[in-house]
Amino acid sequence: MMWFAKDPVLMAASACATLPFLAMAVILIFTRQHRRVSAAISLSAITMCLLSAVYLLMTLRHAPGPVQYQWAWIISSDMIIPFGFLLDRLSLLMLTIVAVIAFLVQVYSLGYMAGDPGFSRYYAFQSLFAWAMMTMVIAPGMLQLYIFWELVGLASYLLIGFYYEKWSASQAGKKAFVMTRLGDIGFFLGIIAVLLGFGDLGILSMNEAAQAHKIAPFVVTLSSLLIFCGVVGKSAQFPLLTWLPDAMEGPTPVSALLHSATMVAAGVYMMSRIFPFFAASPDAMAVALAIGTITMLLASTMAMVTHDIKQVWAYSTVSQLGFMVMALASGGYFAGVFHLTTHAGFKALLFLCSGIFIHEFHTNDMREIGRGGGRKLTIPMVCMTVGALALAGIFPLSGFFSKEAIMGVLAGNPNKIWLLAGLLGALMTAYYSFRLIFMILFPREQTHGAEAHGSHGHDDHGHEEGHHGATFWAMAWPVMILAGITLVLGFFQKELEHYLLGAGPALHGAEAHGEGAGHGLGHYVLLFSAVSLALGGIVWAWFEFGRKKATQEGFLRRYPKVEALFANRWYMDHFYRWLVDYVVYCGFTNLFTRNDRRVIDGGIDGICRFTVGSGRVASFLQSGMLQYNLVLMVAGAGALVLFFVL
Amino acid sequence: MNSLTVYLVVGAVLFSLGLFGVLMRRNLIGMLISIELMLNGANLNFMAFNRFLAPEPAVGQIVTLFVMGIAAAEAAIGLSIILALFRYLHSINVERARRLEG
Amino acid sequence: MTSFLTDGLIHAAFWVVVGLTFGGAVLAVFPRNIVYNVLGLIVCLSGVAGLFLYLGSFFLALMQLLIYVGAICVAIVFAIMLSPPLHLEAPKRRIPKLVLSAGAAGLFFAAIAAVSWKTAWKPAAQRGTDWSITTIGHFLLTKYSLVFEVISLVLLVAIIGAILTTGFSRRLSS
């Protein structure tokens, strides 16, 4: 233990990698009946992690290179699989984000989950989630990353299906798990491809070797594409994006955590983690760019029609993740990570605010929240507006800076279609987020036919009570902190950029053309157009939802087919259903059933018949006559000796 | 006559004849007699090695003595089992003792 | 000249002893009459005692006669007298069983012979010359005392076991 205590950095890293797990174990084993104790254990663990993460960030801020502690876990001839911690600028930044968000969410949950029968279980899973994510962030090798990646998936499954007695919740949990698993298969195959083609799973060595073109190009492309499948699953990119909106079934703080810093961020984080490796394969980058763009646009359209407050933010998460993937795929390492950072802040903020509304009004429908008097909850309303402004990319807020960085990178791409797509996405983002804000701020009584259960008397009552209770403040404080972060984070762009890129000269190559084109006159044109588009989106939303005589129906109401298309998520779930029904159930299952009946059962029966028959044939050997047995034994022994001697 | 191989072959012949008897005889007492032959073949080997190879001539003789002791015990037990079996089956034919038939 | 004659005589006597042993062994295995078998066994064991003489151990030869010929063979004769009547005609041997056993035994013989031939036997570097019974007794009571005790125990158990087996079987049958 002495060497351990002598190295505070290692101690802090180990604290992040163990404490929440211990907290989970203790809660699940000992303190399930004592909810206060459970919450205290979980919170103290995450606080320790937060302190450790900040300490690490402060200590290693000026470290010349990555600090790596690793122990060989499996060594087999040329293959080395390490286990340990990799503390470099990226992982420390992400570690801090995760710790901050997880901490705030856990504090918030004190209020949100108060009185829930599964309170202790909730905190245990939260700890598991935080542990898995933090250990994943500081993983030095792809295999460790993969293991904790899957643990993150497990934790999110447990939390999405937290209300397991609800059919839709357990279904959503399963859906999330299975769909991300589809991507993870690709990820794992990608790891195997790296192992076969390169032989080392260390992230640093992979990046260096790919940058120095020491790995065969097709190996890089193949494994990048396969690993990108993991990103597609985890970060809800195009073909696998429908699990994320369904993940709303979990408690709202879980959604906040899931959407900002942990589950979905894991995919983008992993992509930036091995960014030089990706960057070495232009083909994989092109695929990623296309998928990111499609995701971004699709999700934005979906967000424009739903009335579920959480689903709006869910779709916006998907589309912002698409933005990040676009940024990374067009070479903007910093832009992607920066947007990941700011997005973590404001998306957590948005979800936590929505959580307050949902907690107060017991509904997810934004129209009912508006009618119930959502505007009277000043703090969350203001904070949510701040978050929405950041999401739309309006000037002084963090989203503005990161979005501008991404636009700059996209502008550097010779093909301008990506830039156009990005600008379109910005417009839609502003539109749908302020559609939500205005709908809550300026409710209309006569919008919907189903008026009877519109305004609940007890809602107002509950809200009056909650306004002053400790529960409310436990929820309000994290929200305000996050709003503050959202307000100021953008001004640290230069510092962050310097911090992230200062050390890694390897990263500059891909960065150069993206950033270089961003400055100059074109930069300002771009900046202006992006901001004006965002403002245009807001004005558009005001015109349709905000102003006094607005119908609050949206222009899409006039195109019912398009609206249906958007509302049904472009029929992707139907397509999957069809695929499962016709291809899996009718095709594969049928084949498998036949295989099971004919081949496997038949084979087993055949073996049985053969055994019985041969037993009948061979039973003459068991005549019960000692001497025949002896004859065989002696002959066998003699033959054996002869075989070895001659 | 002063070669080790001669004794070894004589021992092997005794052993194999004994083996043959054990495998072939139906009379249990005959099998016991054959086993005695096998033991003697082994004894002969011990003594031959003792005479031609061993560093200490007393050891081989001691081992042979022990084998004789074992043979005596074996004969006592074997004969008593044969007598018990005879009382039970009214025969000392091994082919009648086939309770293990599959 | 005399030594040559003596050597020749000793040599011839050796082969006579070997022949006696083999003859006894054949007699002990093949005849279906159990009394012949016992007689053959006695002859064979006496031959082996002779071989022991040639191998330089007078003591062991005496022991062979005493224990095998004197004790075991007599015990077998007693067993024969207690078992089924001899005047009954023994059934014919079956050829397949004979062939099978001969094959297996032959195979085993080939194996042993092959081992004897193939191995390059090497005498120990330093070989003692102390063949006296005193040494044997000394060893039995010092270095090999444990084995000695165990053998005694085995004999004791065998005696008790034999008594019990026959005693219980008598109770069972009657």
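Cβ atoms here come from the backbone N, Cα and C positions, even for glycine.
Because TrEMBL annotations are produced automatically, they should be read as predictions rather than curated entries.
Annotated features in TrEMBL:
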type: TRANSMEM; residues: A:9-31; note: transmembrane segment
type: TRANSMEM; residues: A:37-57; note: transmembrane segment
type: DOMAIN; residues: A:73-123; note: domain 'NADH-Ubiquinone oxidoreductase (complex I) chain 5 N-terminal'
type: TRANSMEM; residues: A:92-110; note: transmembrane segment
type: DOMAIN; residues: A:141-429; note: domain 'NADH:quinone oxidoreductase/Mrp antiporter transmembrane'
type: TRANSMEM; residues: A:145-164; note: transmembrane segment
type: TRANSMEM; residues: A:215-233; note: transmembrane segment
type: TRANSMEM; residues: A:254-272; note: transmembrane segment
type: TRANSMEM; residues: A:312-334; note: transmembrane segment
type: TRANSMEM; residues: A:340-358; note: transmembrane segment
type: TRANSMEM; residues: A:417-434; note: transmembrane segment
type: TRANSMEM; residues: A:472-492; note: transmembrane segment
type: TRANSMEM; residues: A:521-543; note: transmembrane segment
type: TRANSMEM; residues: A:626-645; note: transmembrane segment
**OP:** Please check if the transmembrane segment (A:417-434) comes into contact with the transmembrane segment (A:37-57), where contact means 3 or more CB pairs closer than 8 Å and the residues in each pair are separated by 6 or more positions.
**Re:** no
Ranking A:9-31, A:340-358, A:521-543 by Cβ pairs under 8 Å to the transmembrane segment (A:472-492) puts first A:340-358
Same-chain residues at least 6 beyond the ends of the transmembrane segment (A:9-31) with a Cβ under 8 Å from one of its Cβ atoms are 37-38, 41-42, 44-46, 48-49, 52-53, 55-56, 59-60, 67, 69, 85, 87, 95, 99, 120-121, 123-125, 127-128, 130-131, 134-135, 138
In the same chain, residues at least 6 away from the ends of the transmembrane segment (A:340-358) whose Cβ sits under 8 Å of its Cβ atoms read 93-94, 97, 101, 104-105, 108, 112, 251-253, 255-257, 259-261, 265, 268-269, 272, 309-310, 313, 316-317, 320, 324, 364, 369, 374, 377, 380-381, 383-384, 386-388, 390-391, 397-399, 401-402, 440, 472, 475-476, 478-479, 482-483, 485-486, 489-490, 496
On average, residues of the domain 'NADH-Ubiquinone oxidoreductase (complex I) chain 5 N-terminal' (A:73-123) score a pLDDT of 83
